[in-house]
């Protein structure tokens, strides 16, 4: 019998096993769609600046499953950028224990300030995850810090389209092209760190530069 060939029954079994392993692998990982910081801001219900002063593992009282356990981070709120109408103060934020479920591991020594964004559960608890806008505050550019105050919010009616290949063009007037991946092979390039997509008076949207000019040019970067 020729090596490398499988009988039909064994081949079918191998295919089933391969598909099962593939599905299991995808189920055990956290997958996030590429998103500009402005998109992460606009898609979040809560955006804050805070220190993490403590953490503990909590779980629903009616479940013993380890996959339902959450990390409860105790925070010291420094500033709220979004969510004023939902909550006046935040004492805790919650994230899954496992990174495969998009859980976030943060420094709880009360030494690091973070930008945290997330959503609010029906019971009023704030949930954060790997797909949210979460960064040590000192890692943010000066432009990003300024954009958090009002520019990102001003652009929430705009659309940001990620360009992976050329040609890449806008499909509507209220759209900005995000070209960091094309120019830098990174989602943390100049557009992500220095620019916000802002609506103009005529209803169209364009990139607004909030800091020094980038080293590389990109499409559609005129100021409104």
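Heads up, the Cβ atoms here are built off N, Cα and C, so glycines get one too.
In TrEMBL, annotation is done automatically, which means it is predicted and not curated.
Note on residue 30 (Zn(2+) binding site): other Cβ atoms within 10 Å of its Cβ, all shown chains, come to 15. The feature Zn(2+) binding site is assigned by TrEMBL to 30.
The feature disulfide bond is assigned by TrEMBL to 30-102 (among others).
The annotation disulfide bond is assigned in TrEMBL to 32-131 (among others).
Annotation for residue 156 (disulfide bond): spatial neighbours 38, 41, 42, criterion Cβ-Cβ under 8 Å with sequence separation of six or more. Residues or ranges marked as disulfide bond in TrEMBL: 42-156 (among others).
Look at TrEMBL and you will find 158-205 (among others) tagged as disulfide bond. The number of other Cβ atoms within 10 Å of the Cβ belonging to residue 158 (disulfide bond), over all protein chains shown, comes to 23.
Summarising the annotation, TrEMBL assigns disulfide bond to 163-168 (among others). In the shown protein chains, 17 other C-beta atoms lie within 10 A of the C-beta of residue 163 (disulfide bond).
If you look up TrEMBL, you'll see 176-197 (among others) marked as disulfide bond. Its Cβ taken as reference, residue 197 (disulfide bond) is surrounded by 30 other Cβ atoms within 10 Å in the chains shown.
Taken from TrEMBL, the feature domain 'NTR' covers 30-156.
The signal peptide annotation in TrEMBL covers 1-29.
Around residue 43 (site 'Involved in metalloproteinase-binding'), the same-chain residues at least 6 positions away in sequence with a Cβ under 8 Å from its Cβ are 35. As annotated by TrEMBL, site 'Involved in metalloproteinase-binding' applies to 43 (among others).
Other Cβ atoms within 10 Å of the Cβ of residue 69 (site 'Involved in metalloproteinase-binding') number 18 in total over all chains. The site 'Involved in metalloproteinase-binding' annotation in TrEMBL covers 69 (among others).
Around residue 131 (disulfide bond), the same-chain residues six or more apart in sequence whose CB sits under 8 Å from its CB are 30, 32, 33, 35, 40, 102, listed in sequence order. Ranking the disulfide-bonded residues 32, 205 by other CB atoms within 10 A of the CB puts 32 at the bottom. Note: the Cα of residue 205 (disulfide bond) and the Cα of residue 168 (disulfide bond) are spaced 16 Å from each other.
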